[in-house]
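Everything below concerns the one structure shown next.
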Amino acid sequence: MSAESMNGLHRTLYCGELHKQHEGQEVTLMGWVQRRRDHGGLIFVDLRDRSGIVQVVFSPEVDQEAFKKAEGVRNEYVLAVVGRVNGRPEGTINPNMATGEVEVYAHTLRLLNRAKTPPFYIEDNIEVDENLRLRYRYLDLRRPEMHKAMMLRHRASKSIRDFLDQHGFLEIETPMLTKSTPEGARDYLVPSRVNPGKFYALPQSPQLFKQILMLAGMERYFQIVRCFRDEDLRADRQPEFTQIDLEMSFVEAEDVMGLMEQMIAEVCSDTIGVKISTPIPRLSYQEAMDRFGSDKPDTRFGLELKDITPIAAQCGFKVFNSTVAGGGQIKGINAKGCASFSRKEIDDLTAFVAVYKAKGLAYFIINEDGSVKSAIAKFFTEEEIAAIKDKMEAQPGDLLLFVADKPAVVAASLGALRVHLAERLELIPQGMWNFLWVTDFPLLEYDSEAGRFFAMHHPFTSPAEEDLPLLESNPGKVRARAYDMVLNGVEIGGGSIRIHRRDIQELMFKALGMSQEEAKEKFGFMLEAFEYGAPPHGGLAFGLDRLVMLLAGKDSIRDVIAFPKTASATCLMTQAPDVVDPAQLAELHIRSTAPVKKSN
């Protein structure tokens, strides 16, 4: 059977739209064959399009030619069918299908295209290697759950655009080919043919351009924009990603945060029907680190960190008191009801925190009589043990876990252990949406290996006004006018009030170890622009991929991106990146020095 043309046929309804009210109507449907079943005198075809599946029946009594064609139909063939909608007979209604009350008796069938046998079934809940799915992404995207993810992404984008339009924002595109100003991840570079030896960079964000748009008097800007970072891909990162980018003039931090939480609440309502209470709770960076060991804490469960440093400072356990003497701290987590953990289970937890550079994991097992079982208990007085139990809110049957180290190591290790235990003990409630603003970040963080400060967010973040005098004398103590939005332990957006004065921006560059010459070379255009009446301004950027992933209940952003890259930044479908013709390189005055792989 050869392929036919549509030849004047026009779809009248989508497959998933058919219901009881269409009974008796003639419809024209188009889609793919999900499955075909031959029941002797009748052939049943489940026809699928992006809206869903409907059962089509071919009977020789209705049309002999259509029935004959249907005998040759196979999975994933592309069909057009014309027929009458009938209610299904008693006992054949399928409650698992949205269209399960009806079926279409076809009198016309056109084979629009044939299909090879797919390498995996086109259905949900398949056990298929992800690389195979990415290799045949066009088939993977046919699956209903992928259709739902793409539709959800579309609805989220539309909701965002509608909200921002209603609040006076202008959607303005910024350049994709721009100047390389590396201050974090590596740039993707694009050679210029007409300017030999010079390169553009693909933007890591539109940061500079959106600030310049505020200088230009646009006042409210937004863009749903592609951004690029040539970084070593950690878990669930992409070299190209989509950002909801916006900026506002004449605002304070609360103005930006207040409007953005309204927008996110509207997006949640529009896309998944979830009502978000506003205002969203605020937590300072310091409190987040102290209580949760993370600047993006998941607040759906407890297991908060408790500081026992003052209690343990004078104890007889050398590891603890020497840590305190060296400027470190001791914090713990109360794993409620986990006193029954075996030694191997505790050793596994010790190995877990070692990944985060913790040198060990001390523990107290609280026995049923309230006594403590621990190899280190002998180094503590009864009063110290009682004080620790009180601080940790310990009860019989609990397991107290402690890390003694530098504050950064304590936070990283116990913060990760907190989440690990919550997952293992199934303490994380499903269907809960805990949003949080984290504020008052440090402006800078010191890298001892590099021997200098780096911006915790980016170099254009404004210092807290009361901390400005410290920018030259004690930059590590300066707080930023920055704010991150966190959802269930995932950072979904971050922003700040920006620097809008040249003198402060130059002080910031100086604090980052940048000479005047280097600052002028990289950001001279920005510094010059500040001299022409820059308004106070601030903004924020949300990661659209991560936001949609959470809305969809997925575990990976790859499941909400149509054509994602692998962890090695490759596209398995197109085989990008790839070698190019030497003539193309010659035009660009470029020669590859990459080692040539020997063929086997």
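Backbone N, Cα and C define each Cβ position, glycine as well.
What you see is a predicted model, and the numbers here were worked out from it, not measured in a lab.
Sequence annotations record features per position, and here Swiss-Prot assigns L-aspartate binding site to E183, R229, H457, R498 based on sequence analysis. The C-beta environment of H457 (L-aspartate binding site), restricted to residues of the same chain at least 6 apart in sequence and closer than 8 Å, consists of F441, A480, A482, G494, S496.
Marked as ATP binding site by Swiss-Prot on the basis of sequence analysis: R229, D230, E231, Q238, E491, G543, L544, D545, R546. Around L544 (ATP binding site), the same-chain residues at least 6 positions away in sequence with a Cβ under 8 Å from its Cβ are R153, A156, S157, I224, F241, T242, Q243, I244.
Across the residues of the region 'Aspartate' (207-210), the predicted structure has a mean pLDDT of 96. What Swiss-Prot records for 207-210 is region 'Aspartate', and it gives sequence analysis as the kind of evidence.
Taken from Swiss-Prot, the feature site 'Important for tRNA non-discrimination' applies to H39 (among others). Reduced to three states, the DSSP call for H39 (site 'Important for tRNA non-discrimination') is coil.
If you take the C-beta of G91 (site 'Important for tRNA non-discrimination') and look for same-chain residues 6 or more apart in sequence within under 8 angstroms, you find none. Marked as site 'Important for tRNA non-discrimination' by Swiss-Prot on the basis of sequence analysis: G91 (among others).
With respect to R546 (ATP binding site), the closest of these recorded positions in Cα terms is R229, chosen from H39, R229, R498.
Of the recorded residues, R498 (L-aspartate binding site) and E491 (ATP binding site) place their C-alpha atoms 20 Å from one another. For E231 (ATP binding site), the same-chain residues that are 6 or more apart in sequence and have a Cβ closer than 8 Å to its Cβ are A185, R186, R237, P239. Across R229, D230, E231, Q238, E491, G543, L544, D545, R546, which the record gives as binding ATP, the greatest C-alpha separation is 20 Å. If you take the Cα of E491 (ATP binding site) and the Cα of R229 (L-aspartate binding site), they are about 18 angstrom apart, rounded to a whole number.
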